[in-house]
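Peer 1: The structure follows.
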Amino acid sequence: MSSVVETRKTSPSQNAAPKPKKAEKEEVPADINIPDNYVAWTLKSQKPRPPITWDNLLQNLQWVSLAVLTITPSIAIYGFFTHKLRWETFLWSVIYYFITGLGITAGYHRLWAHRSYNASKPLQYFLAIAGTGAVEGSIKWWCRGHRAHHRYTDTDLDPYNAHMGFWYSHIGWMILKPRYKPGVADVSDLSKNSVIRWQHRCYIWLIIGIGFLLPTAVAGLGWGDWKGGFFFAGAARLCFVHHSTFCVNSLAHWLGEAPFDDKHTPRDHFVTALVTVGEGYHNFHHQFPMDYRNAIRWYQYDPTKWFIWVCSSLGLASHLKIFPDNEVKKGQLTMQLKKLRETQEGLVWAPPVEDMPVISWESFQEQASKRPLIVVAGFIHDVSDFLDEHPGGRHLLVKYIGRDATTAFFGGVYDHSNAAHNLLSMKRVGILHGGTQHGLQDKSIPPAQRLRIARYNELGGSPYNSSTAISGDEGLLG
């Protein structure tokens, strides 16, 4: 039995097994191996740069940043004195200010630094290009610093530490070399983004084109104002964008209130929001950084939030993150209670029950013959300074000296106001033995003290009762 085997010539490449694709190198997160006590350990082990003096000032300057931050305003000032500002150029400068500003606030900040929403590729390219026009560094560089700022807020590892002073956090950190290297912050997720890699690779050419050539060309080709486009839409607009962003690091940590938490320096203020394209509600932002909003009320100024919402409505953005309202309200309540506690501690209250003497009925009557003492709800009150001030007249108080006026005070003669109850409690001088179960009956507690702000260690027991927190039986956690 014979068989015919068909043979055909093949090239070596056809016979060889296909080569496996070279796997892309996985970037290890920068903070994966840091110790649990990283901040304290770093500050203790890292030797800071020596203090800046006049002798070493030149060696401590960051010359590239200094050049950008001084030459740009110089060009703008020169333009204001040598070239007439046309209304078309002014309008274009304002529009381009908001475009490049949104590139930072909606792009660099809320999209890439905090991942507060997802953006389509077209929107990512728009925000990357617009942000480049603000000339504040590449996305990866900017986000690395900003993530460190949130992670190490108000410490020496914070690149723009507000405790170093207003002007340092505003601009000084870019001009002077830091005494400590900024704390580690992971940006490995950004390295996987093709838009970010493209922008980082082409950054120098992009800032020339988007930062200066584009605004100049629009004014020049549009209405023949080439110089105005360069001076105003280019240089002057860039100065305003710079200091708008810088105010988030300085003004937002200095001006305003802390309605969510006062552990750190961030503050909320409308003025800051106005000059930062909506980034002024900074106390909220530091508490809830992954929320795509900076302002949570409809009337609060946050054009960046409105821009992101519009993009979402158009299908360009999705997965807008909103922190649970219940947790936001907890933050607000915590600060409200804290302020109430401060107010509470500034008031004078009735003497504590345990500090007052217990007096028998006989002793009470004996002492009442020497000064005006009245019993109400088991407490003995000295009304010496109130006899002539009583709204109902002196005679009504004199009638009850040495007697129990509880029934009359609680509506028998007149149903007294909360203010009257509070005032009466301030005149307590003792407790009548057997008069009442003090502290348990509602009548013995002044209205102002029925609701009090107390710290957990001032209560009778822990809020986490041991009988429910720890059980001898094993089971599933609820």
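Think of each number as a place in line: the chain as shown, counted from 1.
For all residues, glycine too, the Cβ spot is worked out from N, Cα and C.
Where the annotation comes from TrEMBL, it is an automatic prediction and has not been curated.
Straight from TrEMBL, here's the annotation block:
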COMPBIAS  1-15  compositional bias 'Polar residues'
REGION    1-27  region 'Disordered'
TRANSMEM  61-81  transmembrane segment
TRANSMEM  90-111  transmembrane segment
TRANSMEM  202-223  transmembrane segment
DOMAIN    374-433  domain 'Cytochrome b5 heme-binding'
Peer 1: Under 8 Å between C-beta atoms and at least six residues away from its ends: which parts of the chain pack against the transmembrane segment (61-81)?
Peer 2: 135, 171, 174-177, 227-228, 230-232, 234-236, 238-239, 242
Peer 1: Going by DSSP, how much of the domain 'Cytochrome b5 heme-binding' (374-433) is helix, how much is strand and how much is coil, in residues?
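Peer 2: The domain 'Cytochrome b5 heme-binding' (374-433) comes out at 20 helix, 15 strand, 25 coil.
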Peer 1: What average pLDDT is reported by the model for the domain 'Cytochrome b5 heme-binding' (374-433)?
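Peer 2: Within the domain 'Cytochrome b5 heme-binding' (374-433), the model's average pLDDT equals 91.
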